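This report concerns only the one structure given below.
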Ligand code: EPZ
């Protein structure tokens, strides 16, 4: 198994370019099969989750052609309405294929997508939404089948804000008959990005990025072209890396407007940041402990909670981290405690961090994607050597980790062992 070997505690310097947004790319790939015409996506990150989604689509009969950082998708050969069970188990976002396959074939059978370490992550809101659009649901113990001769537009009120449920119902409703409204929709930037792509293909979506989205059904979608937005979570992770290692790094090719709350909280905590139109530069700062609550966009994103917690171990004073979205997203902190951090878990949703602790390198295993990046940041702050195992979890969402971090002076190697 490959691992990362990190030697920490020296400041970094240079520029790191942010890649295209994983959580926009995955949905646009799923939405591409709503049409039978070619779709071209640029600025696509070469990460494991995208490779898995491409494998699932190829198995369904879709032709995928990688360019340098582009992907050409030709769904004309789509021939199956049941994605491969083993492949879908590897990728929770495969649930995004249910709606498009139902809309194209009138039927879809899928295995229940796995949960993951950050929480149980049910799909009840997906299934309820498809039923509201007129589908019949047949549940089996490990899988489900949806059937609908023709989907009918409807009013869908989401009892809980969900990013992928909003995206899934928005894309599916493009081919439903009549008007669909989604009330209490998520507002993450990846949702207007998906709507822009779909409208570019002839859909009629209004209000994406607000809690009220309307979709006027159309008979078919045409070919699409789309340049992915930069990954705001990758940008935020690198900003926190720069601050935690007291470095001067420029995080370029990003959209500061997608990180307003994060930047305000960092500046209130004493971060010395230079914010440009498409970059953010970090400078050595005296950070104070602070309190955050993760929250749906535009609040503090749950995907940046772990990197922020590592940053707070280096700040002066006490911090309270309240993870409100997922029930299992704080358990990685036991690995930071192993490294010398002073963290108390109050309950599965809250930890208190006493800052100003020196971290020492350790042998660790990456529990999930975002906590994995947090452990890299911790390793780069720590004295001595850190070995991180299970790096597939990190490479699911971050492209070219080693070359990009080495390029700003990080002592990191990929070793096998
Ligand atoms: C998306 O996950 C992201 N993933 C997550 O990023 C991100 O953490 C999350 O949104 C929150 O921002 C992708 O976009 C692929 P949710 P999603 O549905 O949509 C509950 C990463 O690291 N819920 O917004 O699955 C759910 O349990 C990943 O890139 C139901 O109850 O998250 C959670 O408590 C991790 N029933 C809450 O909604 C459902 O049917 C919000 O989760 C669906 C969700």
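FYI, residue positions are counted from 1 along the chain as it appears here.
Yeah, the Cβs are placed from backbone N, Cα and C, and that goes for glycine too.
Database features, via TrEMBL:
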ACT_SITE  116  active site, proton donor
BINDING   22, 23  phosphoenolpyruvate binding site
BINDING   92, 121, 122, 123, 124, 125, 303, 325  UDP-N-acetyl-alpha-D-glucosamine binding site
DOMAIN    7-403  domain 'Enolpyruvate transferase'
MOD_RES   116  2-(S-cysteinyl)pyruvic acid O-phosphothioketal
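Where TrEMBL records a feature, it is marked here on the structure.
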{"residue": "22", "record": "phosphoenolpyruvate binding site", "Cβ within 10 Å": "26"}
{"residue": "23", "record": "phosphoenolpyruvate binding site", "Cβ within 10 Å": "23"}
{"residue": "92", "record": "UDP-N-acetyl-alpha-D-glucosamine binding site", "Cβ within 10 Å": "17"}
{"residue": "116", "record": "active site, proton donor", "Cβ within 10 Å": "16"}
{"residue": "121", "record": "UDP-N-acetyl-alpha-D-glucosamine binding site", "Cβ within 10 Å": "16"}
{"residue": "122", "record": "UDP-N-acetyl-alpha-D-glucosamine binding site", "Cβ within 10 Å": "13"}
{"residue": "123", "record": "UDP-N-acetyl-alpha-D-glucosamine binding site", "Cβ within 10 Å": "20"}
{"residue": "124", "record": "UDP-N-acetyl-alpha-D-glucosamine binding site", "Cβ within 10 Å": "11"}
{"residue": "125", "record": "UDP-N-acetyl-alpha-D-glucosamine binding site", "Cβ within 10 Å": "19"}
{"residue": "325", "record": "UDP-N-acetyl-alpha-D-glucosamine binding site", "Cβ within 10 Å": "20"}
Exercise for the section: Return the residues near residue 303 (UDP-N-acetyl-alpha-D-glucosamine binding site), defined as same-chain residues 6+ apart in sequence whose C-beta is under 8 angstroms from its C-beta, sorted by sequence, else 'none'. Expected result: 233, 236, 370
Practice task
Sort the recorded positions 22, 23, 116 by C-alpha distance from residue 325 (UDP-N-acetyl-alpha-D-glucosamine binding site) and give me just the closest.
Solution key: 116
Problem - Subset of binding-site residues (23, 92, 123, 124, 125) lying within 10 A of residue 116 (active site, proton donor), CA to CA, in sequence order - result: 92
Exercise for the section: Express the distance between the Cα positions of residue 23 (phosphoenolpyruvate binding site) and residue 124 (UDP-N-acetyl-alpha-D-glucosamine binding site) as a whole number of Å. Expected result: 21
Completion exercise
Expressed in Å to no decimal places, the gap between the Cα atoms of residue 123 (UDP-N-acetyl-alpha-D-glucosamine binding site) and residue 22 (phosphoenolpyruvate binding site) is 20
Exercise for the section: Calculate the distance in Å between the alpha carbons (Cα) of residue 122 (UDP-N-acetyl-alpha-D-glucosamine binding site) and residue 22 (phosphoenolpyruvate binding site), and round it to a whole number. Expected result: 21
Exercise for the section: Give the distance between the Cα atoms of residue 124 (UDP-N-acetyl-alpha-D-glucosamine binding site) and residue 22 (phosphoenolpyruvate binding site), rounded to the nearest whole Å. Expected result: 24
